[in-house]
Structures are given as structure tokens and as C-alpha cells.
Amino acid sequence: MSDVENLKENSNVQVHRHPRRLGNPAPLGLFSFASTTLVLSLYNAHARHVVVPNVVVGMALFYGGLGQFLAGMWEFATGNTFGATAFTSYGAFWLSFATLFIPNSGIGAAYAAATPGMEDDAIGIYLLAWMVVTFLFLIGAIRKSVGLTALFFFLTLTFMVLAIGERLRPFLLQS
């Protein structure tokens, strides 16, 4: 017998179940992450000879960043702590990553005056930190499902390759 049934039988307490008022926020979080990742990956692959990723800033701020962040907050409301933590974290990733490319943020200007290659190293370290965060999500996903485990496994590899590529960028652009 459940606690609710036990309460009904042993007291005069009326138990009302409220229908769920929120839809599933996971599709928003997944689509915003996937589409923003796709656009940035096309730029990283120099599709159509695009080598400056600044056009993705708006998408990273509002769809990849804010969209996922909101999906994470709505996951908290539905009681899905893992989904809430993942979506909120990657929403914050996109918001912070986009900030790197905003001209008036001062980030690029600070590195322009620094040692050549320092900005690439700094972004590489940033991406390595996200690789570690993603690996921790991978460990948590193992108990969830094969699909979620595969997603975080490949995302961990993606962050690793991006971090390595960031350090190799000066060499790759010379050829």
C-alpha cells in the first residue's frame, strides 16, 4: 500500500494530485545544444571557407545558451536533477563561450596585447575543463541509458579534440 493510499484510509485528509503543468523541456535543451554545436562545428571545419566564428555568437547566446539554461531550470521543476544540471551547465557553457567572441568584452583585446598563442592556450584550457565536466556527466549517465552514455562519451571526445585543435590552430592555419 502506498503512502497516499495509507493516508486516505487512516485519516480524513483529502489528497489531491495535481496534473503536471510543464511539458518536457528536454527537446528544447537537446535541439539548442545540437544545432549550436553543428553551426560552430561547420565553422571549425572551415565550411564555405569560414574561419571566423563570430556569426555563431547570437545563436550561442540565445539558443544554445539561454534556451538550454531555461530547459535546465524547467528540468528542475519536473524533478529531473541530472537533466537540470546538464542543461543548465551546457547553457552556461554556450553563454560563456559566446562571450569570448564579443568584441567589446575585452577578452580578445587582452590577448591581442599578450604573447602570441596565449589566447589559443587559454581557450584550450577552457575546453579541457569542459572535457572534465563532460566526463563527470558521462559517469553519471552510465546508470541512465545507453543513448545518454553515448552522447556524453562522444561529447567528452569532442571537447578533447577541440582543446587539442585549439593548440594546433596556428599550425593548421599556416597550410
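Note that Cβ sites are derived from N, Cα and C of the backbone, with glycine treated the same way.
Any TrEMBL annotation is an automated prediction that lacks curation.
Residues or ranges marked as region 'Disordered' by TrEMBL: 1-20. Residues or ranges marked as transmembrane segment in TrEMBL: 26-43, 50-71, 91-111, 123-142, 148-165.
Across 26-43, 50-71, 123-142, 148-165, the stretch most heavily in contact with the transmembrane segment (91-111), judged by Cβ pairs under 8 Å, is 50-71. Panel annotation: around the transmembrane segment (123-142), residues 82, 85-86, 89, 93, 97, 100, 148-149, 151-153, 155-156, 159-160, 162-164, 166-167 of the same chain, lying at least six beyond its termini, place a Cβ under 8 Å from a Cβ of the stretch. Among residues of the same chain six or more beyond the transmembrane segment (50-71), those with a C-beta under 8 A of the stretch's C-beta atoms are 25-26, 28-29, 32-33, 35-37, 39-40, 42-44, 87-88, 90-95, 97-98, 101-102, 173.
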